[in-house]
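Okay, so here's the structure we're looking at.
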């Protein structure tokens, strides 16, 4: 293999947006607005859950964890996107790129695991309501959140280490305005079999397994709902899952599309990569707080109370 020190990539060039100035400026304003909306929405949810002692319950602790993951995801992708759009600075150093990649994938995995934990919460609430409060306590929920973080760090930590063993023979241009593992390994000039294999293992053992158990939870929930006598009670039980179902679709559908495009679609246009990635990383942080605020009565009342006081 070629000596790493001779051809180590010192930097990458970010992609995902046109280079001409007029389009770049028109893209910057709405994109910055969406990031600010995501930050405001998730910080609002966190502050309300923290302030209201009645919301210190397993369901809302998991919602707070989801908001933290969405905040982390926004803060991981926003700096390079803003820097590229406003300053037209496309170059990012190798070390910074690896650090950004690590945090993006960590917060993505955390959000996936939290969505699974919320699916378990809905399963217990609908299928075993009498045992719900004794099994899902605040202490158990806290341990679940700690386990999620530990699992994420353990599986994601080898990814940047393995990437430092690769060689990049040319000036590498990425497909997105941020660094993703499948995108980086495509730029390597050396054998990427170990990196690709481990990356696929991480994808299947975290996001893939989480999605499988989410689907299994909803199969059991649907079976329980169909056994309920009246349609009104069925709709009432299903209504408690609407917010979570939206979170599942918002997170997993763009994520699956993006993963399939990187691994199996070799001739997809850069615009398609950019659009799918932006939907994947922008839609959940923006829409999750809105959906949960609309569907959760206590959060909605607190927001309306604050707005009325200010008015």
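Just so you know, glycine gets a Cβ as well, placed from its N, Cα and C.
Noted in TrEMBL for the protein shown:
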DOMAIN    41-292  domain 'G-protein coupled receptors family 1 profile'
TRANSMEM  25-48  transmembrane segment
TRANSMEM  60-78  transmembrane segment
TRANSMEM  98-120  transmembrane segment
TRANSMEM  132-154  transmembrane segment
TRANSMEM  198-221  transmembrane segment
TRANSMEM  241-261  transmembrane segment
TRANSMEM  273-292  transmembrane segment
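Touching of the transmembrane segment (25-48) and the transmembrane segment (273-292) is concluded from the presence of at least three CB pairs under 8 A, sequence neighbours closer than 6 excluded.
Spatially, the transmembrane segment (241-261) is not adjacent to the transmembrane segment (132-154); fewer than three Cβ-Cβ distances between them are under 8 Å for residues at least 6 apart in sequence.
In this chain, the transmembrane segment (132-154) lies in contact with the transmembrane segment (60-78); the count of Cβ pairs under 8 Å, excluding pairs fewer than 6 apart in sequence, is at least 3.
For the transmembrane segment (98-120), the list of distant contacts is 59, 62-63, 65-66, 68-70, 72-73, 76-77, 80, 92, 136, 141, 144-145, 148-149, 151-153, 155-157, 159-160, 163-164, 178-181, 184, 202, 206-207, 210-211, 213-214, 217-218, 244, 247-248, 251-252, 255, 281, 284: same-chain residues at least six beyond its ends, Cβ to Cβ under 8 Å. Computed over the domain 'G-protein coupled receptors family 1 profile' (41-292), the whole-number mean pLDDT of the model equals 88. Within the chain, the transmembrane segment (132-154) has long-range Cβ neighbours (under 8 A, six or more residues past its boundaries) at 56-58, 61-62, 65, 106, 109-110, 113-114, 117, 120-121, 124-125, 206.
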